[in-house]
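Some features that TrEMBL has for this protein:
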type	residues	note
BINDING	Gln8, Pro9, Thr10, Gly16, Asn17, Gly160, Glu161, Asp162, Ile203, Lys212, Met213, Ser214, Lys215, Ser216	ATP binding site
BINDING	Asp148	L-tryptophan binding site
MOTIF	9-17	motif ''HIGH' region'
MOTIF	212-216	motif ''KMSKS' region'
Amino acid sequence: MRVVSGIQPTGNLHLGNYLGAIRNWVRMQDDMGERAQAAEDGSAEKNAQCLFFLADLHAISMPHDPAELRRATLEMAAALVACGIDPSRSVLFNQAQVHAHAELQWLLNGTARMGWLNRMTQFKDKSGKNREGASVALFTYPVLQAADVLLYQATHVPVGEDQKQHLELARDIAQKFNNDFASEDAPVFTLPEPISPPQAARIMSLRDGSKKMSKSDPSEMSRIELADDPDTVMKKIKKAKTDPEPLPSEEKGLEDRPEALNLVTIYAALTDKSVDDVLSDFGGEGFGKFKPALGEVLVETLRPISERFTGLLEDREALDAILARGAAQARQIAVPTLDATYKALGLVRG
Ligand code: TYM
């Protein structure tokens with residue numbers, strides 16, 4: 001079992017990333033440690049491993065400021081460690097230090113089809129009306145994402161709902177490559193499975209329940225950032241858009257109330273309860289009672305994370321060392337697959 005996932009270092013880590021992805025990464029890392037310990041020597045579980053990376057190569061697909069990218073990459077590394085990613089148990093690195101990612105992307109460009117990329121909704125969303133002005137990197141972005149996971153023979157890829165389409169594409173690329181260039185009993189690539197946490201796979205904006213919470217939303221009030229102090233968290237929750245109705249006692253009652261559903265979903269995810277369980281506690285109550293309760297749970301969850309985050313940011317050398325060590329480990333794992341890909345394609349390399 002090999003778990004691989006990434007996050008773009010653009011802006012600060014927010015609650016959507018945390019509940020939709022990172023918290024699940026930490027759980028998988030912990031679970032993996034237990035499996036490895038329980039496994040008999042030599043069994044496949046002994047090699048159970050997690051790789052988590054900062055997708056800095058993906059970040060250049062949109063206009064960006066180089067100094068800001070450098071800062072955000074280190075901050076995101078600190079944020080991941082603060083959330084519980086332990087660099088001595090998981091491989092933590094940034095793509096730019098492992099050139100096999102960019103190399104494999106080029107090799108897979110021969111297999112990916114224009115029609116497949118044309119269907120990607122993220123490209124449509126991010127390029128908007130200005131398709132002609134979008135970067136080529138934004139279009140081929142999902143091929144790099146496929147390379148990210150196929151390079152390590154990932155079996156499981158924890159992601160939020162919004163990334164599932166990209167994972168499907170990675171499977172399509174792997175399958176076509178194996179069909180075209182490998183024999184059935186010796187495939188070059190493993191087909192990765194996307195996995196989303198049951199709750200909170202999609203956390204929405206606090207200002208608009210139809211848009212996902214996102215780093216690129218111009219309004220800071222639309223998202224909770226992991227480094228927000230308690231006053232800011234309370235203020236953002238208090239101002240979060242809702243409706244005047246009291247909460248229903250079952251999830252069905254939230255069908256046409258996306259903002260209310262989002263807040264209840266966040267509460268449920270933070271307390272590891274189902275939406276129905278939360279509603280059985282708060283059904284009939286208005287937001288005047290629910291919002292302060294949610295704010296408190298949030299503040300308590302974020303407090304230890306933001307304390308660790310601040311401490312880590314002060315030690316730049318330690319952060320550099322974590323990423324360099326992770327990159328060295330990642331390179332080693334990547335080499336056999338990269339070599340096998342060149343060979344399968346008939347490329348001569350001395
Ligand atoms: P990114 O950086 O946008 O987001 C990182 C992870 O957070 C999840 N996420 C959310 N989940 C729930 N609700 C939200 N509002 C929300 N916003 C973000 C995302 O689903 C993701 O799991 N292309 C990827 C990064 C990437 C990657 C990869 C992921 C590059 N290569 C290989 C997995 C495997 C991205 O931009 O995620």
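Including glycine, each Cβ sits where the backbone N, Cα and C put it.
Note: TrEMBL annotation is automatic and uncurated.
Keep in mind it's a predicted model, so treat the numbers as computed, not measured.
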Across all protein chains shown, the binding-site residues Gln8, Thr10, Asn17 give the max Cβ-within-10 Å count at Asn17
Neighbour tally for the residue listed as 'L-tryptophan binding site', based on other Cβ positions within 10 Å of its Cβ: 28
So if I exclude everything within five residues of the ends of the motif ''KMSKS' region' (212-216), which remaining residues of that chain have a CB under 8 angstroms from its CBs? That is, six or more out. 8, 10-12, 14-16, 162, 202-206, 222-224
Within 10 angstroms of the C-beta of Met213 (ATP binding site), the count of other C-beta atoms across all shown chains comes to 24
List only the single closest residue to the residue listed as 'L-tryptophan binding site', chosen from the binding-site residues Gln8, Asn17, Ile203, Met213, Lys215 by CA-CA distance. Gln8
Cα-Cα distance maximum in Å, computed over every pair in Gln8, Pro9, Thr10, Gly16, Asn17, Gly160, Glu161, Asp162, Ile203, Lys212, Met213, Ser214, Lys215, Ser216 that the record assigns to ATP: 19
How many other Cβ atoms sit within 10 Å of the Cβ of Glu161 (ATP binding site)? 14
Number of helical, extended and coil residues in the motif ''KMSKS' region' (212-216), per DSSP: 0 helix, 1 strand, 4 coil
Starting from the Cβ of Ile203 (ATP binding site), draw a 10 Å sphere and report how many other Cβ atoms land inside it. 25
